[in-house]
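A.B. asks: Take this structure first; my questions come after.
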Amino acid sequence: MATPRVMAAVTGSLYCAGGSVVLAAGLDGLPVTPAVVGLLAIGVLSVLTGLACLRWGRLLGRGVYHLLVAAGTVLIAAASLLAEHPATATALAGLMVFVALDSFFYFAGLGAVLQLLGAMAGGTAVLLVRPDVPDAVPVALCLVCVAVAVVVGALVRRASSASQDPLTGLANRRGFDDAVDRLLPLCARTGTPLSAALLDIDHFKAINDTHGHAVGDDLLRLVADRWSPALPAGAVLARHGGDEFSLLLPDSAGPVALAVVEQLRNAVPEVGLSCGVTQLQPGETASQLMRRADRALYQAKAAGRARSVLDDSGPDPLATELAAALAGDPVAAGLQVHYQGIVTLADGAVVGVEALARWAHPTLGPLSPARFIPLAEQTGLIGALGAHVLRTACADLADLHARTGRRLLLTVNVSGHQLCDPDFPDLVGAALAGTGWPAGSTVIEVTENLFEAESPAAVAALDTLREQGLSVAIDDFGTGYSSLARLDTLPADFLKLDHSFVSALTTSSKRARLMRSIMALSDALGLQLIAEGVETPAQADLLRSLGCLYAQGYHFSRPVPIAEVEALLDGAADPVPAVPPVRR
Ligand SMILES: Nc1nc2c(ncn2[C@@H]2O[C@H](COP(=O)(O)OP(=O)(O)OP(=O)(O)O)[C@@H](O)[C@H]2O)c(=O)[nH]1
């Protein structure tokens, strides 16, 4: 049977097609007469109904489609009656074939037959009242409608058997997936609960091995036969595969679903069953729901089998809050951007800033980025968060430039996930264009691991960004496993030396020698080095003596809001405006 999405697409398309035919018939009948106006009105109404159906039809219940199909019959009959020429009337009555198609595609049994009879009666009646149409035409129309209905009905039956498990007669995995796809958006929209469960026969392989597959098959049939009549209304039971059954329970919250599953287990006391139950969480996809059911099933098995486990672990509430903050007003929700100065080691002058996401949570207070950045990565919110940081930072620095005349270098962290989004370069371009901040003063920071993963999409995005005039920095350099020999092939302009490397500088002479070598290497490759995590004057002095030009760290400045960045500029050791590092 067709899903709401398919019914919307088919009904919408057929209404548009039929409406266009009626419009063409109306325009053919010019000059304007009342009949022509009527035809044009029917045509326009049909096309508009079709477009509305294409847009919103998937939200409608099956009952509304009965009305839409019946309305189609009425509109076609009216158009056929209004047509001036017998050939036009016949052609328009021929659109009843659409009704025959819909009836047996969407509905089963009496509902389908009544719709078909209505179409045949309507088409026959309007053609019979016209003396200029031969009597054989309505007969032919009826035959064509019946033929279409029979063929469509047979095809639908065959297609639905593809969704059925032949052994138990239950839905198979495909049928179950179709049911989830149908019910999940409906429950999400109406806010009614939806629960899912996986029920697995314990040690079924041993039953097969000991008593043979025929006994195993009998057991599967027995389970299905006992369960089917015990299910609550609206429940969908499927054989998910092998000895695993899946159950979908609309209108049931997790604890209710758990009780239903326990009843099912009790209905077959001779069979050991492990079950995982879970309730749909807001914003969850079908695969996330079933993954949690699977996790609960695994827990039931791990706890010793022959039991049910309810997985009530919903998504992290902070993720839900982060999603809401990013979708609404991120600033009001406390999402901020702070800036850590990048200085020239020679004089301590601030020449750039790294933009860093901060979350001053309204109730929990300031949250560590280690708490919410990985969460954003896991939940796919990192793109929206990164876009917010980028836009804010560009606007803040453009504003700072307008007020002080100081053009700082802006570095922004970007994850592999963001880079692999094909729209990312356009998003960056829009942020720059929208704020007037120049590409030449912007650096995209990516971690070394990105290149280890050798993601071609990410590397291609970096190439595109560099073509747009931005620079690229390899962040946390020294923590990954990048071969030094590969450094010359990376699309990068800066190396940001990780703080763990910097912190060991003053305690290990080997590190200092290694540092000298890295500087020589990066110099030879045209990469500018920025030392991160400089926390003590000794580290700064050593880096300076080794010839390192740029650094950042608590020794120079902590990350601060934009309002305090100006003070960093004022407090710079050298009153001469600093020149930011540029791409070579
Ligand atoms: N009789 C029969 N056996 C099937 C059918 N489909 C799959 N199987 C068998 O079902 C068994 C499922 O194996 P497992 O998933 O390891 O199940 P189990 O032995 O119950 O293991 P646990 O679930 O961990 O207790 C396999 O031996 C399959 O060959 C079927 O249609 N009929």
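The backbone N, Cα and C atoms fix where each Cβ goes, glycine too.
Please treat TrEMBL annotations as automatic predictions, because they have not gone through curation.
Quantities reported herein were computed from a predicted structural model and do not represent experimental measurements.
Straight out of TrEMBL:
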- 34-57: transmembrane segment (TRANSMEM)
- 64-83: transmembrane segment (TRANSMEM)
- 103-129: transmembrane segment (TRANSMEM)
- 136-156: transmembrane segment (TRANSMEM)
- 192-313: domain 'GGDEF' (DOMAIN)
- 315-573: domain 'EAL' (DOMAIN)
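Show me how these features fit into the shown structure, please.
C.D. replies: Here the transmembrane segment (34-57) has long-range neighbours at 4, 7-9, 11-27, 68, 71, 75, 78-79, 82-84, meaning same-chain residues at least 6 beyond its ends whose C-beta is under 8 angstroms from one of its own.
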A.B. asks: Average the pLDDT scores across the domain 'GGDEF' (192-313) and report the rounded value.
C.D. replies: 92
A.B. asks: Should anything in the same chain at least six residues away from the transmembrane segment (136-156) have a Cβ under 8 Å from its Cβ atoms, list it; otherwise answer none.
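C.D. replies: Sequence-distant neighbours of the transmembrane segment (136-156): 1-2, 90, 93-94, 96-97, 99-101, 103-105, 112, 116, 119-120, 123-124, 127-128.
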A.B. asks: Other than its close neighbours in sequence, what residues sit by the transmembrane segment (64-83), given a CB gap under 8 Å and a spacing of at least six beyond its ends?
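C.D. replies: Residues 7, 11, 14-15, 18, 22, 25, 29, 35, 38-39, 42-43, 45-46, 49, 53, 89-93, 95-96, 98-99, 102-103, 106-107, 111, 115, 118-119, 122-123, 125-127, 129 contact the transmembrane segment (64-83) from elsewhere in the chain.
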